């Protein structure tokens, strides 16, 4: 075997091993959660474990819906996720338009400031955000989670959208101004149709992040009726036992919508994240 063919074979083997490694540590755990959600309580703890359910059951989902307020938690998550996504996308579009396309004074400084905010972990800002929401009387309301999520999602959304707006040819704006458009008309009629796919990427990025967020929700909400889906998972963990079947079923409900949403617009999401670094 030639040296080139030998090295090519080695690279392929290493690539396959890497794919197997990624599958074992990422895909397989999710697969296990799905199949376990359809198993009875006794079968989940069988030794040796069964890959597929011996007896297929929807009991875990029935209990999650009827006994653990799954639908209520889902409504809370959808309300907070959709509201945060719409507001964050709107703010990001306006800010990125000014910073990325119009190049307003201080654009570079504002961009650096937003990048710096992403360096702070959520736990660092929990206390000041909680204090602010508490003084405003927003604890145990949707508003506290929407505002606190906006504090983290808006800067990242602007960073993504900035590059996309910066990639729009300045000549289009000049032509629109010659036709009598002001800045807002130019944004609505000329720029937004071009950066529309970028807005979709930002919306998906924001919604998935808020949909799966746990720390803010568990810190700002003490009323069980206001819990989101991730916080609702804790209701299956008791002092002396854990309802693993219900835990698995609710985990599937949390993960599947986000995965389906991502897969449905995967091309837009990946292409536009790559395009966001331009400019």
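The backbone N, Cα and C atoms fix where each Cβ goes, glycine too.
TrEMBL: automatically predicted annotations, no manual curation.
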- Range annotated as transmembrane segment - as stated in TrEMBL, picked from 142-161, 162-181: 142-161
- Residues flagged as transmembrane segment in TrEMBL, choosing from 43-64, 109-130: 109-130
